[in-house]
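For reference, the structure is listed below as structure tokens.
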Amino acid sequence: MRCFLTASLVVASLAGHVYGHRHVAPTSLEEGRTSHRRKSLGFGPEHPHAVFHSTPYQIQTNGFTPMDPAMDPLEVARIFVEDVLMGKLSESSTYRIRGDSYTDKNTGVTHVYVRQLVNGLEVADGDMNINIKDGMVLSYGNSFFNGVTPEPFTNVNAFRDPRQEACETMYNSFMSFQPTHPVDSEQIIMGQAPTPSADIHEAQHLLHDNCGLMSFPEHLNSDDMSDFRPALLQFMATATPNADVAGDILNRFTHHKDSMKVSQTSHFAPSHDEQPIEFTVDNVPDAVNPVKAKLAYIQVPTEGGETTELHLVWKFEVEMQDNWYETSVSATAPHKIISVVDWASDAPIPKVPQVVPATYNVFKWGINDPAVGSRSIEKENFDSLASPVGWHAIPYAHDPSFKGVRLTTNDFYRNTTTTWGNNVFAQENWEGQNAYIYNYRPDAGSKNEFHYEYDPQETEKPDAMDEAQKYINTTITQLFYTTNMVHDLYYRYGFDEVAGNFQQYNFGRGGAENDGVIANAQDGSGFNNANFMTPPDGQNGRMRMYLWNTALPYRDGDLEAGIVIHELSHGLSTRLTGGPANSGCLGWGESGGMGEGWGDFLATTIRSNKIYSDYAMGAWAANRESGIRNYVYSLDETVNPSTYKTLDKPGYWGVHAIGEVWAEILWVVSQKLIEKHGYSDDLFPPAPLEDGTVPAGDFYRPSKKGPLVPKYGNSLIVQLVLNGMKLQTCRPSFFDARDAIIQADQVLTGGENFCELWAGFSARGLGQDASVINRTPWGGGVRTNGYSVPPACKDYVTPKEASI
Ligand SMILES: *[C@@H]1O[C@H](CO)[C@@H](O)[C@H](O)[C@H]1NC(C)=O
Ligand SMILES: *[C@@H]1O[C@H](CO)[C@@H](O)[C@H](O)[C@H]1NC(C)=O
């Protein structure tokens, strides 16, 4: 459940998930308003043994001594994993260092991500993240399975190697292929009429190349673990928001099963650690793209919940209209859904010559919404480090609108006068579909002036939509501007190519490419909300912004920077937590909640001013002074009383409510740093010099060596929050995320804000002695606030407390 809307707008619509049960967000109809609620599933097993160790003491007691500072960090990681962690595991347990591991340029910390394999199969939730600097392991998280591993699959009847089977059946079906096999009328209607000659040709081709086309022989019955189609169909029947589709899947199960076309993904090069085989499946009902499937293990808590055991599952990646699921479904009947993460998060929220840099008539960066300022003409003042060629240039080779087009130019870059560039594709999406390339977007012409009027009038309700659509040029322009600003800002705080940011082209700076943000303005798939889908690095993020029918004229979420920033921050936190290639670390419970909270916190920090003030989220769009959360963000406990213990309250199981508590805690922490270091009016670091070095300016502390340290409290907390995301473990708890921020300060400044940070966390119950018992996957449990700080800080008194 990741909907931006809260109980205040859709009464009592946020209920918790129950492990193993499906949960459907209700559609709400308030006073005749059609308010589209996206159905979203999110749950999974708890990991009672998972840890995040962030103090040298904890690491030394594991018997690890620092290595030579010059040693390759990946080698250090390997030694650490083998010496300290793997020794305790069974022999069939191995590991793989993931390719998305990277070194942070500023801090010098190498973030290494490790995946557990058992019997050669991935353990879907067996994750390690190890943070290394100068030969030292600074911290690590570990959720590797440490129990008794199941027998490998030697029994052919119990499990047949899909790879071998693929080749056998492929060969058989090719040999028995009938060139004129019957075509049923339904297939024609569905546009899937097979053309025999093409099929034969394709089959031959695939068989020849990689033995890749696989069809399941009829004699294998449905409880055969190697046939994942029944598991997939059962998941689709549960996941589809459309009851007719669900009914059709169940009624015509065999038909749907037989219509699926399964192929084996061929990897360009064999990987030395033998990746388990992957399949892609076409013709899956309600999926908008081929589904990816692979066999894996997942950890499920045993009776009593003290330990876990491994279950064999099919792991699917399913892209649907409004959801993008990563799910693990039991490989054996009854195909229970064991975990599911929706990579989508709601927030309730032809060649032209190079022209002059663009200008935009927009609510300038820092103006949160139309209620707090007016528009002005702003330049395309892109950050030269973050966006070296600006916001309107994109290499032809990385431009989806030129996919498959034979080029008649030798130019590398294509320059646009539309809201189409390397970081962002912004367009209308009134139909609410997935297509975006040919959707409408404004063309500013050779002067590149995106100057459009904005003067919506109050109309009768039935005309409100038409009225809003008149200003589509304005709203797309604003969305493009804000999204690019956020790209550039986060880049400068370390969300760069290797860390998994969103860009079509990475300028040879590493990371996976072709993943700019698809930003849909006035998306027709809903009202009064917004959402963001974050697949792993190398696949486009997709943001849908909605109109809000909370007032006349309608309010347009594209114009409220806080909502856009909240959404884009899902992409940030999902890619930074657990590594760029793992989008499954912030799925539910406390981690999912923090995924919401970081967005609120960053949006609030970005809009804040030197003179302290409280802020609401989404107040303009929702037409509600106190916004869409339970409380406004405030230092004053009588205004916002949220503490760690608040998570135990009824109504605090949904990720947005949990996120609100986390954002409030971070807000309090940030003020401690502002009290100490002062406030910077500009969160953007200075542009680099010609030689590529970044000057300190008034932004960073002067320093000859070591990492760049933001000088002021508000810029420092943004840096620590981002660095903390990189350090923390997959599926972090509040404690883990707190410890990661404190360690981020240790790495960046040598720990000089140790006491301020603890003072901030403990002020809202997240002190050293805070505790939780019986935590449940969806955020339940019994929490105790802790107000104590480490002994080193006991004499520490904040200026505010001193004055009382
Ligand atoms: C397009 O933009 C790129 C990158 O800014 C620039 O190098 C190139 O000269 C431009 N191309 C044209 C035809 O103006
Ligand atoms: C939007 O801008 C284009 C030029 O980019 C203009 O032709 C069109 O009329 C504008 N649309 C509206 C609805 O104002």
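Each residue, glycine too, has its Cβ placed from N, Cα and C.
TrEMBL labels come from automatic prediction, so no person has curated them.
What TrEMBL lists as signal peptide is 1-20. Per TrEMBL, the feature domain 'FTP' maps to 100-144. Residues or ranges marked as Zn(2+) binding site in TrEMBL: Asp346, His566, His570, Glu596. Annotation source TrEMBL lists active site at Glu567.
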For Glu596 (Zn(2+) binding site): DSSP state (helix, strand, coil):
helix
Most crowded position, judged by CB atoms within 10 A, among His566, His570 as binding-site residues:
His566
Cα-to-Cα gap, Glu596 (Zn(2+) binding site) vs the residue listed as 'active site', nearest whole Å:
9
Using DSSP, how many residues of the domain 'FTP' (100-144) fall into helix, strand and coil, respectively?
0 helix, 31 strand, 14 coil
May I ask you to report the DSSP-based helix, strand or coil state of Glu567 (active site)?
helix
Here the recorded positions are Glu567, Glu596; which one has the lowest number of other Cβ atoms no more than 10 Å from its Cβ?
Glu567
Within the predicted model, mean pLDDT of the domain 'FTP' (100-144):
91
